[in-house]
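S.K.: Below are the structure tokens for one structure; questions will follow.
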Amino acid sequence: MYELIVRSHFDAAHYLRDYPGKCAQIHGHTWDLEVVLSGTQLDELGMLIDFGIVKAELNRICDQLDHKMINDHEYFQEHNPTAENLARFFYQQLTDWVKTRYPHVKVASVEVWESPRASIRYRAE
């Protein structure tokens with residue numbers, strides 16, 4: 001089994017709806033991401049997927065939120081913009097992309113850090 005790991009980051013603000021603490025106020029983070037893709041088959045070049053292609057797709061998804069209010073994004077109007085829901089959002093976006101282009105690959109996990117010491121990981125069951 002091969003695991004390809006790509007990291008990225010973006011800066012964005014959010015607030016947590018119905019939260020009883022100070023995170024109910026607008027605040028920002030530099031969000032760090034780690035995406036793990038896995039598979040057993042390599043392409044004709046001996047790659048699971050080209051790193052550059054994965055980075056470009058991850059950056060495309062990050063650009064939806066970068067320097068924006070996360071709460072304004074359509075997905076987060078229905079889902080509270082917690083780190084947990086951000087991890088699931090990236091997981092779902094990447095899974096949809098992988099399924100249509102690289103059926104031999106799966107998204108193993110997405111980890112989201114809202115600070116250097118606090119993260120959440122989402123993976124398939």
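Cβ coordinates come from backbone N, Cα and C, glycine included.
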S.K.: Same Zn(2+) site as His27, His29 according to TrEMBL: which of His14, His67?
M.R.: His14
S.K.: For Cys23 (active site, proton acceptor), which of the listed recorded positions (His29, His67, Glu114) have their CA atom within 10 A of its CA?
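M.R.: Candidates kept after distance check: none.
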S.K.: Could you give the Cα-Cα distance between Glu114 (active site, charge relay system) and His29 (Zn(2+) binding site), in whole Å?
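M.R.: Spelling it out, the Cα of Glu114 (active site, charge relay system) and the Cα of His29 (Zn(2+) binding site) are 6 Å apart.
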